[in-house]
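S.K.: Got a structure here, written out as structure tokens. Questions coming.
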Amino acid sequence: MKRPNILLTGTPGVGKTTLGKELATRAGLTYINVGDLAKEGELYEGFDEEYECPILDEDRVIDELEDKMSEGGIIVDYHGCDFFPERWFHIVFVLRTENSFLYDRLESRGYKGKKLQDNIQCEIFQTIYEEAMLSYKEEIVHQLPSNTPEDLERNLDQITQWIEQWMKDNN
Ligand code: DAT
């Protein structure tokens, strides 16, 4: 049975993990958090002093995921999207959150100062949406509002329906 690969992307704090895990449970797909994968495998190539975070070794991340992706049925969660092979994904969702909500979420995650401001700006300038539009065919890139629990529920319903339809069309 063929199953689709889905990319969930967007600024940190928009709700990718929350949506991805629940979607995986409901649709019987596998959820992969690229940040966690990198941490577990130490897939880093240095340290960014300005942002105080390790720098992802993108090539090793791709090598690590390649076999799983070719099997299908994977939900990938990451706050960037331009280094994955375009052929991996059947659909790309960019989650979007209004500033006031995002600010509160990032603050309660312990973000402050420059890191907090930069992430809010990333969302204001729709950086990840533009990155997605440049990296994938425009017709497979969709923005999803992710402000409230109602948004989450609607997104889950819509994506679950899309997966069912995709499986009908491709099997
Ligand atoms: P991300 O994986 O994009 O960094 P997350 O899933 O960890 O984001 O969510 C960040 C916080 O926001 C977390 O406390 C859960 C909450 N959240 C996620 N989606 C939400 C939604 N649609 N409505 C309200 N809160 C949400």
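Backbone N, Cα and C define each Cβ position, glycine as well.
Automatic prediction, not curation, is the source of TrEMBL annotations.
Sharing the features that TrEMBL gives for it:
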BINDING   GLY13, GLY15, LYS16, THR17, THR18, ARG109  ATP binding site
REGION    33-56  region 'NMPbind'
REGION    108-118  region 'LID'
S.K.: Does THR17 (ATP binding site) have same-chain partners at least 6 apart in sequence with Cβ under 8 Å from its own Cβ, and which are they?
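M.R.: Same-chain residues close to THR17 (ATP binding site) (Cβ under 8 Å, separated by 6 or more) are ASN33, ASP77.
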S.K.: For the recorded ATP site, whose residues are GLY13, GLY15, LYS16, THR17, THR18, ARG109, find every other residue on that chain with a C-beta no more than 8 angstroms from the centre of their C-beta atoms, and list them by sequence position.
M.R.: PRO12, VAL14, LEU19, ARG105
S.K.: Tell me whether LYS16 (ATP binding site) sits in a helix, a strand or coil according to DSSP.
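M.R.: It is helical.
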S.K.: Could you check the binding-site residues LYS16, ARG109 and say which one's CB has the fewest neighbouring CB atoms inside 10 Å?
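M.R.: Output over binding-site residues LYS16, ARG109: least Cβ neighbours within 10 Å is ARG109.
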S.K.: Please find which two of GLY13, GLY15, LYS16, THR17, THR18, ARG109 have the most distant C-alpha atoms, given that the record lists them as binding ATP, and give only that distance in angstrom, rounded to a whole number.
M.R.: 15
S.K.: Enumerate same-chain residues with a sequence separation of six or more from GLY15 (ATP binding site) and a Cβ-Cβ distance below 8 A; give 'none' if the list is empty.
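M.R.: Listed in sequence order, they are LEU95, THR97, SER146, LEU152.
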S.K.: Can you see whether DSSP assigns ARG109 (ATP binding site) to helix, strand or coil?
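M.R.: Where ARG109 (ATP binding site) sits, the three-state DSSP reduction gives coil.
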